[in-house]
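What follows is one structure encoded as structure tokens, with my remarks underneath.
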Amino acid sequence: MPNRADSDNEAQMCVQGKVPLMSIESIHQLHIFIFVMALVHVFYSCLTMILARLQMRGWGKWEEEYWQQDAIRDSFKMSRQNSFVTDRTQHPWTSKAWFQWIDSFFRQFYRPVKQSDYLTLRLGFVKNHNVGPKFNFLKYMMQTMEEDFKVIVGISASLWVFVIVFMLLNIYGWYTYFWIAFLPLLLLLVVGTKLQHIMTILAIEIANSNTLIGEPIKPRDELFWFSRPHLMLHLIHFILFQNSFELAYFFWLWATYGIDSCFLENRSFVYARVVLGFFSQVLCSYATLPLYALVTQMGTTYKKAMFKPPIEKALQGWHHKAMENRRKRMSGEKADALMVKGRGSLPKSPLGPGSSPSPSPEVPEAFEAELTSAPKRRKLEPR
């Protein structure tokens, strides 16, 4: 801005004993930081989602293999589910809760989703929701991830509050910029461990049941924290935002003050932070997001991606029309209540004794207005 110096001098002209809270220059730097923050967050979220989808595309061969086993599909499903149960319950300490969590923690690093895991959870989803035989489970998960991406790429007010708190705690000597780097990685490991633990619980339930191996698992919301599968998405959203914020803060300091500034004087902390950020991105793309897309289908309900776009639009239109008709009926009942209050009695219904004066949703609007507002009984003409 060519006149920034003059504007800054004008901003300094305060009442004696007062100073401006923020100068024009500091507000300008804040605007630049917000722009860099949004740009890095969108790029970071898109890159993480693309890598996760590439990881999930490898599951396509498992989906094709399932459909190629038409002649021996029942025995094929039974063998895969048997492998799923055996792999997660073969250790004698599997019944111990502490061992289940430790085992789930290490499973997220090497082959977090195996073929037996995918096919067993797929069978449980199909049986629980009674979908058709031609249902493509992998395509459904891809569509749900597209819907979840709208949440991940957004920045809510609560996330901006976290940024403000970080700024207030970023005091010289506290090294907040370094210690806060461990928060997203810690949350990422906790979420991945929980998702693996859910699959272990399902395997133990099958092993302890009185039925033969081959019975489908029982998806339900109670498997998740607070019975809310969607809570996992909000945690992943916060993790990605926190990583994006720290990387954006690093690039902004570098571009604004240089790599030799006092903000970046401890190079070991800076390098450790960058390494942790990229490690979190690789782990989230390779393990956590694919695990989330698969395991959260084990909730009680399914998502709207189950329906094709024309059916989804038809259902939304039906919903809006039903809500509109409900509002019309409520407005008609309020009009009747006003007439009762003003006249002391209800007008007789044109539809006969014992019937409701409010019309059905199929009655035209003009006729409905006439029924609810006319004080006298209307004579019906024969058709």
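Including glycine, each Cβ sits where the backbone N, Cα and C put it.
Taken verbatim from TrEMBL:
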COMPBIAS  344-355  compositional bias 'Low complexity'
REGION    342-383  region 'Disordered'
TRANSMEM  30-52  transmembrane segment
TRANSMEM  149-168  transmembrane segment
TRANSMEM  174-192  transmembrane segment
TRANSMEM  231-254  transmembrane segment
TRANSMEM  274-295  transmembrane segment
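If you look at the transmembrane segment (174-192) against the transmembrane segment (274-295), you find at least three C-beta pairs under 8 angstroms, all six or more positions apart, and that counts as contact. Counting residues 6+ beyond its ends, the transmembrane segment (274-295) has Cβ neighbours under 8 Å at 44, 47-49, 51-52, 55-56, 108-109, 112-113, 117-118, 121, 141, 144-145, 148, 181-182, 184-185, 188, 191-192, 195-196, 198-199, 232-233, 236, 239-240, 243, 246-247, 250 in the same chain.
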